[in-house]
Amino acid sequence: MNRKNVTRTITAIAVVVLLGWSFFYFSDDTRGYKPVDTSVAITQINGDNVKSAQIDDREQQLRLILKKGNNETDGSEKVITKYPTGYAVDLFNALSAKNAKVSTVVNQGSILGELLVYVLPLLLLVGLFVMFSRMQGGARMGFGFGKSRAKQLSKDMPKTTFADVAGVDEAVEELYEIKDFLQNPSRYQALGAKIPKGVLLYGPPGTGKTLLARAVAGEAGVPFFTISGSDFVEMFVGVGASRVRDLFEQAKQNSPCIIFVDEIDAVGRQRGAGLGGGHDEREQTLNQLLVEMDGFGDRAGVILIAATNRPDILDPALLRPGRFDRQIPVSNPDLAGRRAVLRVHSKGKPMAADADLDGLAKRTVGMTGADLANVINEAALLTARENGTVITGPALEEAVDRVIGGPRRKGRIISEQEKKITAYHEGGHTLAAWAMPDIEPIYKVTILARGRTGGHAVAVPEEDKGLRTRSEMIAQLVFAMGGRAAEELVFREPTTGAVSDIEQATKIARSMVTEFGMSSKLGAVKYGSEHGDPFLGRTMGTQPDYSHEVAREIDEEVRKLIEAAHTEAWEILTEYRDVLDTLAGELLEKETLHRPELESIFADVEKRPRLTMFDDFGGRIPSDKPPIKTPGELAIERGEPWPQPVPEPAFKAAIAQATQAAEAARSDAGQTGHGANGSPAGTHRSGDRQYGSTQPDYGAPAGWHAPGWPPRSSHRPSYSGEPAPTYPGQPYPTGQADPGSDESSAEQDDEVSRTKPAHG
């Protein structure tokens, strides 16, 4: 409820209250009479100071007009008082004895007055009730709680277009097709294509699913309704199904249109057995949604777009084609996507010359579009805090650290000993990673406290990777255990600072053994599967599907991996202890070191050989033959530029080639005087239906026709005054007799024998 409606409602209530008060004020005929005690009135009567009197029997009140005002009446000559029940006759007799003029009035109650007394307060209460109901949305309480709470975007709202979306080109392409279908349906309908009924956007939080929906709303040019999945189900039973029906009814009235349901997992969760004894309100709502999306009812022109972070818990009936024809993954952007996202969010912001967005894109692997937008915004806020005018490279660097680790803890007082331990701990991580051959190089190491960490070392990959080898994962274990190894080597005892490192190492080692099958002892087997009920979040119901002996072997393999990585880190730090001391000293002095400074410190550090203790293939001997080289590697060897432009998919080239061929055929047919189907224009007749209106095409080579087809003109029914019918279809070869001629069937058979290819 906006401010204008609130002001209007309050004004209406004030007017009603003012009118009611005016009615009661001006209808009161006792105005001008001074209320006095009953004893004062009796004193005036006994003192013969009453000129006239009026007894209101129904109201049990006495009005006196005095001959002269006095102190008891405060000088007023008109007084009014109440008298007890049954004393009207005594008052009349007393006034008559004093020769005062007495009149008795018995008022009859006004029906209008009675109604106003009871109805006006009721109207006020109803008005307040309606006002508060509308202020709370009108759907939670009061009337219309079963109505849909979907909001239709108006033209006045700020529009988001596909130009504002970056990093998810595949999703944009899929959604742009829907927008193009709504605006140019003829191109698709000519091919018999049908518009998708539903599109599901799924992916991690912050990847731009809702932003894509807003872009579709800004460019579709059709009514766009948006609603959250949690808006369907509330405290009233049956409200969810009612709102689903009302939503689609509203959409059908505005067809063609688009409905966007955000967080559809709130209502589309997989149906279960109703654990806990609760009602099936959610299932009832889901069933109604399934029927509305693809049931007996017609929903032509209504496209449903939904977004979720958990596609794995959605009901299978909701995901089938016909309901959600397209399921579009919206994942974290790659390097090119991050560059595009940073360019979009930095547009309109003053950037300094040292603000390297390409380098920033390389250092933000794994960040979503929302994270990158937050980085740019944090850099702008930091610049404004320091009264700067342009966003610099250091501001972007600080913004990345704030987004990853939180703000710097400036007020924390750290002792020299703790600072020294932190320097050696982070130095151990950095040196161990630098000496391993299969790990991303360290970009930055710092001992500045942020959030819950006392320092961190950042390893930035050179390029995006979708796969990790066993050697890379072992190198990650060595990197994680480098801090604990440095503590034990230098200070002869561990600290609690390695808790997150141990947790991360355990997670990596256990996944290598139980998920990725990298242990030769346990084999390529996945151990442990989820058997949980969807209403328990699935993961809460995980049960082991292996024996206790296998569980013990898993623990042994995990411990073996971590111990090997721990030992490798220890040996690296022992060999390069002087380098570790130099690195720790630089960290204590500068607090933060970057790649160029680390390269000068680690100039003498050589890469270690790979750990081979887990390279056993169980009797399977790998081949010594190297793999083939990729076209890119061959181009680099030849000194050619690479990468080359990515070719279009094969199906696109095939479609383009077929389209060009069809257009060429149509143009040739038009030049020879034939219509769209290869027949003379205007020769199609209803009488042709006896034999079929087109020449049959059995998929044979061009120039071949069926024996005896079309029938001879002498066998066709004749129509007076009408020319012989023609049969549109595939053009006949040059020199072939016209189907409408009198050529004998034998001659046609000879022609077929000459043109038909031999089979055998």
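Cβ coordinates come from backbone N, Cα and C, glycine included.
Lifted from Swiss-Prot, the feature list:
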type	residues	note
TOPO_DOM	1-5	topological domain 'Cytoplasmic'
TOPO_DOM	132-760	topological domain 'Cytoplasmic'
BINDING	Gly203, Pro204, Pro205, Gly206, Thr207, Gly208, Lys209, Thr210	ATP binding site
BINDING	His425, His429, Asp501	Zn(2+) binding site
ACT_SITE	Glu426	active site
REGION	616-760	region 'Disordered'
COMPBIAS	650-669	compositional bias 'Low complexity'
COMPBIAS	740-750	compositional bias 'Acidic residues'
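Features recorded in Swiss-Prot, as mapped to the structure shown.
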residue: Gly203; record: ATP binding site; contacts (Cβ under 8 Å, 6+ apart): Lys209, Asn309, Pro329, Val330, Ser331
residue: Pro204; record: ATP binding site; contacts (Cβ under 8 Å, 6+ apart): Asn309, Ser331, Asn332, Thr368
residue: Pro205; record: ATP binding site; contacts (Cβ under 8 Å, 6+ apart): Asn309, Thr368, Ala370
residue: Gly206; record: ATP binding site; contacts (Cβ under 8 Å, 6+ apart): Thr368, Gly369, Ala370, Asp371
residue: Thr207; record: ATP binding site; contacts (Cβ under 8 Å, 6+ apart): Val168, Val330, Ser331, Asn332, Pro333, Thr368, Gly369, Ala370
residue: Gly208; record: ATP binding site; contacts (Cβ under 8 Å, 6+ apart): Val165, Gly167, Val168, Ala171, Val330, Thr368, Gly369, Ala370
residue: Thr210; record: ATP binding site; contacts (Cβ under 8 Å, 6+ apart): Asp262, Ala307
residue: His425; record: Zn(2+) binding site; contacts (Cβ under 8 Å, 6+ apart): Gly454, Gly455, Gly483, Ala486, Glu487, Thr495, Gly497, Ala498
residue: Glu426; record: active site; contacts (Cβ under 8 Å, 6+ apart): Val445, Thr446, Ile447, Gly455, His456, Ala457, Gly483, Leu587
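Taken residue by residue with DSSP, Gly206 (ATP binding site) is part of neither helix nor strand, so it is coil. For His429 (Zn(2+) binding site), the same-chain residues lying six or more positions away in sequence with a CB closer than 8 A to its CB are Ile442, Val445, Ala457, Phe479, Ala480, Gly482, Gly483, Ala486, Asp501. Averaged across the topological domain 'Cytoplasmic' (132-760), the predicted model reaches a pLDDT of 77.
Shown for the compositional bias 'Low complexity' (650-669): DSSP residue counts in helix, strand and coil, namely 20 helix, 0 strand, 0 coil. Cβ crowding, taken as the number of other Cβ atoms within 10 Å, peaks at Lys209 among the binding-site residues Lys209, Asp501. Same-chain residues with CB within 8 A of the center of the Gly203, Pro204, Pro205, Gly206, Thr207, Gly208, Lys209, Thr210 CB atoms, the ATP site residues themselves not counted, are Ala307, Asn309, Val330, Thr368, Gly369, Ala370.
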